[in-house]
Structures are given as structure tokens and as C-alpha cells.
Amino acid sequence: MENFIKEVLSASNRGVSAAKNVSGEPNWSFGQSLFFACTVITTIGYGHVTPLSQEGKLFCMLYALFGIPLTLVLLTALVDRLMIPTTKYLHFLNSRLGHLYPPFTIRLLHFGTILCTLIFLFLLLPAAMFTHLEPEWNYMDSLYYCFISLTTIGLGDYIPGDAPDQKYRPLYKLMITGYLVVGLVCVMLTLSIYYDIRQLNFGVLFMLENDETRSIDPEKMHLQEPGTNRTKYTNEKDSPTSLEDTTPIHSIP
């Protein structure tokens, strides 16, 4: 029995399904390989498909060694581009509500609206789609998969597109790969917006005094009146200031 189980597991690793006594597409089809490459460089790492040969393992290590840093650079660059429209949205809220609410409340509203939008687009809505596409998944299973994947935990207990009779498997895997990449960008965007809120950024408690002077809020710098330390969040009329009333701004080395 143990030898039989070993044979079944070995065949499953090579794309032969023990369920229904059928053989699906090989594990290393183009769609499956692209999906595997995405899980490696994004550090999700489900572990359901692994290289078996010595050459494949060596290539996987070299690929991860160079691919993971480059992927982080790419994701960071995409987040920087997306911060432009989100900052414009913050400016819009400041111009409309700056005379009614303090800056912290406006930032919470800004963060909350973006967070709820991204949760709907990348957790709730994809979970409903996976529930329809995966016959053995309920909504909770689908939501669990989306959360585990986008947080790069990648337990590997739920993998979409691995059913023996899965139709259009390469295209399905390609679409999931795109979802994971875009979803990770949005997760990093959410964390960046959260980090910009100093009142909620607990990392400030562990910063040295010199570090605090270097970490100037870019939004605050943009809204700051020239020659003063006062942040202008509304379209108030500029008033002339004398040189005696101005306070020098700390320069960033």
C-alpha cells in the first residue's frame, strides 16, 4: 500500500490525476509554467508544483534570486505611478472638506474609500467569480484563497484551475496570474497610503529623532505654504508673511 501511494504521488507530481483515472494536461504546460513563475517571483509559492530535476531546481533558484528583486522594483514603480491619482483624490477631498474637518479625518476618509474599493474589486468580486468557476469551492473557500494569495501567504491548499476536466486551462492560469500581479500592486498601494498617515503609522514610535526629520510627509510638503511650517488644506487666500514670522524648513540631505 505504501509503494502504491508513492506511485500515485509521483504520478500526480507529473500531471497524472488519480481522480477519475484520467490524465489531464501536463503540469508544465505554458499556462501552468507561467503561473508557477509568477508564484515564485511574487513569493506566494503555493508549492503544489515544484521542479523535480536537478537542473530545474538550479534554474528555479537562479530565477528567484534575480526575479524577486526585479519584481519588487517593478511593483514599487507601479505603486509610485498609482500614488499620483490617489494624491489628486486627497487634494480633492481637502479642497471640498478642508474647512469642515481636520486633516486627520480627511486622510481617514481618503484611506477608507480606497480600502473599501480595493476590497470589493480584489477580494469580494473575485471570490464570487471563483465560486462560479470552481465547482468544489463555496464563497468562503474562494474568499479565503484570494486573501491568502494577495497577502503572499500561499498555503497551497486551494489552487484554481487544477481540476482534471478544467477547460481552457492555459488561458485560465494566465488570467489568474494577471489577477495576482495587479492585486499585489493594489495591496502595496493600500499599505503606502496607510503609511502616509502618521497618526496610524506605529513605526514612527521606533524611529530616532534624526529619522523623523528625514521622513517628511510628501503630501504635507505639497500643501505647505511657502516659507512656513503651516499646512494649507483649503483654498484659503494667501496672506503676506514677513521674514521674521517664517520658520526655516528642515532640508533633506
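Backbone N, Cα and C atoms are what each Cβ position is placed from, and that goes for glycine too.
Some features that TrEMBL has for this protein:
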type: CARBOHYD; residues: Asn21; note: N-linked glycosylation site
type: DOMAIN; residues: 26-82; note: domain 'Potassium channel'
type: TRANSMEM; residues: 30-49; note: transmembrane segment
type: TRANSMEM; residues: 61-84; note: transmembrane segment
type: TRANSMEM; residues: 104-130; note: transmembrane segment
type: DOMAIN; residues: 119-193; note: domain 'Potassium channel'
type: TRANSMEM; residues: 142-159; note: transmembrane segment
type: TRANSMEM; residues: 171-195; note: transmembrane segment
type: REGION; residues: 217-253; note: region 'Disordered'
type: COMPBIAS; residues: 240-253; note: compositional bias 'Polar residues'
When you scan the chain for residues with a C-beta under 8 Å from the transmembrane segment (61-84), skipping those not six or more beyond its ends, what do you find?
37, 40-43, 184-185, 188-189, 192-193
With the cut-off at Cβ under 8 Å and a gap of six or more residues from its ends, the chain residues touching the transmembrane segment (171-195) are 31-32, 34-35, 38-39, 42, 44, 75-76, 78-79, 82-83, 86, 110-111, 114-115, 118, 121-122, 126, 133, 146, 149-152, 160-161, 201, 203
Local confidence of the prediction over the domain 'Potassium channel' (119-193), expressed as mean pLDDT:
92
